[in-house]
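Enquirer: Below is a structure I'd like to ask you about.
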Amino acid sequence: MSPEDNVSMESAAQIVPRRKRLNYLMAGLSPMWYHATNVALHAAACILVTRVSLVVAALRPGFAAIAGLLFAAHPVHTEAVTGIVGRADVLACIFFLLSFLAYHGQQTAYVWSSVCLGALSMLAKETGVTVLALNFLYDLCRSWHSIKRLMTFCYLAALNCWLLLCPAILSHDWQMGSVPLVTSFTDTRNLATCIFFGGCLVLTYKAFTDFEVSARGNLALSNRYKMSSCIITRRRRATDD
């Protein structure tokens, strides 16, 4: 591992060393208190898992308690809880769950709290960045009705463009229900939407690149014209002299 990698890792994980310093100030080098702190943090993580099961997953209290107990007793957490070095995983898990719970609040203050808690999770361990992806997926699943509407409206844009080029399907009254709604990602009409908007992006990119090439060509012609004018002027002056 290069020195740059060591510096980046040390700058990214700053919470755990400070937590260990606090442990040292409170109990010195006694290993019992380090392990007790890890167990307490793991208990807090288990409580947060139960809370997520109740609030976000909307499980019954009994099933949420079972989820918390399974998380508490799962052998995969043994190394993170018993080892002092594993405190980074436990802290990242706690801030991860707190960030997810705060994002579930949906108010502006809660969302900013979720961002700050997500940053703390990343400072505890780099894998904490995945809470951002989880929040995005959660938002995506919760706003599924709006996404279906968006897919339908995007398809209507592609359909209208096709009717402009090939008006094979016409109607004197395009009322509600004339075009069936797009209700899933597996609908084949989404392919037409992707082709339409992909073509728009390609045409836009082509227009910008052609404009840039044209501008460079005009600039080159202008420079050549200026150089030719300077050469002609110098020759005339030399002839006059």
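Even glycines carry a Cβ here, placed using N, Cα and C.
Take a look at what TrEMBL says about it:
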{"type": "DOMAIN", "residues": "147-200", "note": "domain 'DUF1736'"}
{"type": "TRANSMEM", "residues": "39-72", "note": "transmembrane segment"}
{"type": "TRANSMEM", "residues": "84-103", "note": "transmembrane segment"}
{"type": "TRANSMEM", "residues": "109-138", "note": "transmembrane segment"}
{"type": "TRANSMEM", "residues": "150-170", "note": "transmembrane segment"}
{"type": "TRANSMEM", "residues": "190-208", "note": "transmembrane segment"}
Enquirer: Could you tell me the mean pLDDT over the domain 'DUF1736' (147-200), as a whole number?
Expert: 82
Enquirer: Would you mind splitting the domain 'DUF1736' (147-200) into helix, strand and coil residue counts from DSSP?
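Expert: Helix (H, G, I), strand (E, B), coil: 31 helix, 0 strand, 23 coil.
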